[in-house]
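Data first, discussion second: the structure below is written as structure tokens.
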Amino acid sequence: MKSTFLFALFVLFLAASEAATDYPTNPPTTPPTPAPTSTPLPSSAASPELVAQLLNAPSELDRIKLLKDNQFVFDFKNSKLGVTQGTGGKTVATSRTNFPAVIGHNVAMTVGFIEACGINLPHTHPRATEINFIASGKFEAGFFLENQAKFIGHTLEAGMATVFPQGAIHFEINMNCEPAMFVAAFNNEDPGVQTTASSFFGLPADVVGVSLNISSIQTVEDLGKHLPQNPAVAMQACMKRCGFSD
């Protein structure tokens, strides 16, 4: 497991150094353009049959024979695979279905292209620990692991990295006036992701109401309808400081 995670870290730094080379650094002159949806963009994917064959291959040699050469490359900059778009930027994530070469290696990766004042909303990865490397810009990031644990928060600049333990609620905020990028590596090819607020409001409304000490079911339902898309636009103070709002 240690060697697998060290490999993930090596890939993370290699990908980040390459991707950061020509990532735009000029401050935007207008606010980020809102996106119509945060659902993954349409993409082709490995067939369920291929995924099953790779998972059940008797050896690594057999697994490699099942893949074409181009299936060992994933283009985070231009890919339409694994993309989630919001008002505050986009994240691009590999998975078994969109990057089948990871199957059997216990690694996965997500790259976040976060706009000025954007936030990768609080979320968890139920099946993986994350190491997050800042490729460009600067982020405020933090996590909360469990009841009675303390909140851990950091300001991370380009070239720095942090760890989010498996299952911890965590976030990344770009509080600056220009785009920023992070590269997240995982020690599981299927790390999973659960956005905290949307998952919470997906529970029965009366359960959510009791949890928030709100007696009105209608109020709970109204709150759930106005959750931001991920990545979202962050605090209004940042928008005002950057000249994006009055």
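Each residue, glycine too, has its Cβ placed from N, Cα and C.
Taking a C-beta cut-off of under 8 angstroms and a sequence separation of 6 or more, H170 (Mn(2+) binding site) has the following same-chain neighbours: P122, H123, T124, E130, A141, G142, F143, F144, F164. Look at Swiss-Prot and you will find H123, H125, E130, H170 tagged as Mn(2+) binding site.
Per Swiss-Prot, compositional bias 'Pro residues' is recorded for 25-39.
Annotation source Swiss-Prot lists domain 'Cupin type-1' at 74-220.
Per Swiss-Prot, the feature N-linked glycosylation site maps to N213; the stated evidence is sequence analysis. Within the same chain, no residue at least 6 positions away in sequence has its Cβ under 8 Å from that of N213 (N-linked glycosylation site).
According to Swiss-Prot, the signal peptide annotation covers 1-19.
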> Does DSSP give H170 (Mn(2+) binding site) helix, strand or coil?
Replying inline: strand
> In which DSSP state, out of helix, strand and coil, do we find N213 (N-linked glycosylation site)?
Replying inline: coil
> Per DSSP, how many helix, strand and coil residues does the domain 'Cupin type-1' (74-220) have?
Replying inline: 20 helix, 61 strand, 66 coil
>> Quick check on the binding-site residues: of H123, E130, whose CB has the lowest count of neighbouring CB atoms inside 10 Å?
In response: H123
> Quick one: which residues besides H123, H125, E130, H170 have a Cβ within 8 Å of the Mn(2+) site's Cβ centroid, in sequence order?
Replying inline: T124, F143, F164, A168, I169, A184, P191, V193
